[in-house]
Amino acid sequence: NLWQFEMLIMKIAKTSGFMFYSSYGCYCGWGGHGRPQDASDRCCFVHDCCYGKVTGVVVCGGDDPCKXQICECDRVAATCFRDNKYWFFPAK
């Protein structure tokens, strides 16, 4: 869920996803369009694409493969935020 994603970003990137990325560039936050504005916005673009590849209904619990795929999408995005400098590009 969104709160778990925030906690993962805080742990890996040492920053708040809500504060810095919830309304950033073209792809961070709800929806997405156009060309990513920078490397951080591209992290969000790739995250959106990753979620789009997960099929079926995501059900929390146990050995659900969809839950594992969603977690991996979130982990990759959090690592991407850590590895790419944040610039201020307000949502477009």
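Here the Cβ of each residue, glycine as well, is placed from N, Cα and C on the backbone.
For Tyr27, Gly29, Gly31, Asp48, the entry in Swiss-Prot reads Ca(2+) binding site. DSSP classifies Tyr27 (Ca(2+) binding site) as coil under the three-state reduction. Around Tyr27 (Ca(2+) binding site), the same-chain residues six or more apart in sequence whose CB sits under 8 Å from its CB are Pro36, Asp41, Arg42, Cys44, Phe45, His47, Asp48, listed in sequence order.
Taken from Swiss-Prot, the feature disulfide bond applies to Cys28-Cys44 (among others), supported by similarity to another entry.
Under the heading disulfide bond, Swiss-Prot lists Cys43-Cys80 (among others). For the recorded site, Cys43 (disulfide bond), the DSSP three-state label reads helix. In sequence order, Cys28, Ala77, Cys80, Phe81, Asn84 constitute the residues six or more apart from Cys43 (disulfide bond) in its chain with CB-CB distances below 8 Å.
Here Swiss-Prot flags His47 (among others) as active site, drawing on similarity to another entry.
The Cβ of Cys50 (disulfide bond) lies under 8 Å from the Cβ of Gln69, Glu72, Cys73, Val76, Ala77, each on the same chain and at least six residues away in sequence. Positions annotated as disulfide bond by Swiss-Prot: Cys50-Cys73 (among others).
Annotated disulfide bond per Swiss-Prot: Cys60-Cys71 (among others), in sequence order. In the three-state DSSP reading, Cys71 (disulfide bond) counts as helix.
Marked as active site by Swiss-Prot: Asp74 (among others). Within the same chain, residues at least six positions away from Asp74 (active site) with a Cβ under 8 Å of its Cβ are Gln4, Phe5, Leu8, His47.
Shown in sequence order, the list is empty: the chain has no residue 6+ apart in sequence with a C-beta less than 8 angstroms from the C-beta of Gly31 (Ca(2+) binding site).
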